[in-house]
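Copied over from TrEMBL, here are the features:
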DISULFID  Cys130-Cys139  disulfide bond
DISULFID  Cys180-Cys189  disulfide bond
DISULFID  Cys218-Cys227  disulfide bond
DISULFID  Cys256-Cys265  disulfide bond
DOMAIN    104-140  domain 'EGF-like'
DOMAIN    155-190  domain 'EGF-like'
DOMAIN    192-228  domain 'EGF-like'
DOMAIN    230-266  domain 'EGF-like'
DOMAIN    266-492  domain 'Fibrinogen C-terminal'
REGION    1-32  region 'Disordered'
TRANSMEM  42-64  transmembrane segment
Amino acid sequence: MPAWRGPQPVEKDPSPEPPPISRGKPADEEEGMFDEKGSYKLPFLVLAVVCIVLSVAPTAFIVVTHIERTGSYQSPILVSGGGVVQSSGTKPSAVHYGNLGLKDSNDCDPNPCVHNGNCTDGINSFTCTCPEGYEGRFCEKNINDCNRMTRKGGNVYLSKHLCANGGTCIDKVNDYECYCAPGFTGKDCGRNIEDCTEYSCLNGGTCKDGINSFSCHCPAGYTGRICEINSDDCLPNPCENNGTCIDGVNSYSCVCLSGYAGANCETSESSYRDCAEIYKNWTQTSGVYYITPQGAPKAILVYCDMTTAGGGWTVFQRRVDGAVTFYRNWTEYQHGFGNIDGDYWLGNDNIHMLTSQGHYILRVDLSDWEGNSVWAQYNNFTVEDEEHKYRLHLGAYSGSAGDALTNARPVYSNHNNMYFSTYDQNNDKATRQWNCAKRWQSGWWYNNCYDAHLNGVYHHSCSYKEWDGIIWLQWKDKLSLRTVSLKMRPADFQN
């Protein structure tokens, strides 16, 4: 390449020149800045700078290759972005791009912003405005909502405990979710789940809620995690003199050997003949006691009712829950059966010995399934011995239940003076060819057959209407009753 020799003379156009414009030279115009045709002469240094700029950012600037003069001052202009520059006075009035073919493109087409970000076009650039939950140049980053910033006391802190009580934070789009530790719930695991329900603690226990747990405060007499265990109040045995302990709910009772009495069999007792004597001479508390009726070979265990109608009653039959069947043979009725604390029959031999001691009153207590109670009493109550088939004798009636034993409907159902019958020893007066005890499944003082049937089948229903139930016709007709007890007391008893 030949060496640069500076600007060379320009040959003049042979065509005639236009007459010069008559105006004064601008003060800032220097000699030699325009050639003979009025075009601006670019110094070499300026051209070099322009070339360097174009090589670095070819689209950032465009060289103006031609300027229309409207005044006497012209200068080269570097225009960015591709607009036309207007001027007035002695400044350039218009800018024309050269033949470079450069044009600023729309950098937002296609949209480079993901996740529905809004794109704003720039000069060879763009800006993304991201929706909530995203960040980054292209909105490509999901903001971690588990690393929220909070302001407290003028300072900004990173919230490391969005999920309380040990909960684990799981990031979502513009949101978060807490995976709570067992026992907690809520958006931020701030609520302790109520672990106590109506049935958490049994037997009246009080439930105390914990964290994913509960505890039970048990009432007296119960223990266990949910108060399900009845504490054995007989451990250690509180009954003295070889007494037998019977566990209750936060209580116990002692069955004392013959000759001993007291709550713990701690005191030797006289040989009381019935519960009336125990009431008068020992205790007025209902419970299980030993008595020795006149003529008995040994003491017998009985339940003493010390509250009903003045107390002192020796109970010889009781039905409370149907736990014991009364469909028994002659021998079982003779000696007695059942649970002395529940359903039981004292035994015909024992009933005979008790009523043979003097003049006794029979009391019958009844209740139905609706909670109603009635009673009946008969004086001159006696039961004969086995030789006479435990024949029943009753005197005058009084009470609220109606007379179903001595004034029965019809007369052939009267139970007074009837013999005792069981399915294996039939002593009834049935006119039909059947055994009343076998047909109605109980031992009783049957006539033909009954108006009162207190040893019948126990039905767990208030609507049962069959003839084999626990029946007192003069009160509830065939409706089977819920509870019944037969008891005796000396006629001259005074509390």
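Yeah, the Cβs are placed from backbone N, Cα and C, and that goes for glycine too.
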Same-chain residues at least 6 apart in sequence whose Cβ lies under 8 Å from Cys130 (disulfide bond): Cys113, His115, Gly117, Gly136, Cys139
Integer Å distance between the CA atoms belonging to Cys265 (disulfide bond) and Cys218 (disulfide bond): 30
Alpha-carbon distance [Cys227 (disulfide bond); Cys265 (disulfide bond)] in Å: 30
Alpha-carbon spacing, Cys227 (disulfide bond) to Cys180 (disulfide bond), which is rounded to whole Å: 30
Spatial neighbours, same chain, of Cys189 (disulfide bond) - Cβ under 8 Å, 6+ residues apart: Cys163, Ala164, Asn165, Gly166, Gly167, Cys178, Cys180, Ala181
Disulfide-bonded residues compared (Cys139, Cys218, Cys256) - highest count of Cβ atoms within 10 Å: Cys256
Secondary structure content, the domain 'EGF-like' (230-266) (per DSSP, counts of residues): 0 helix, 11 strand, 26 coil
Number of helical, extended and coil residues in the domain 'EGF-like' (104-140), per DSSP: 0 helix, 10 strand, 27 coil
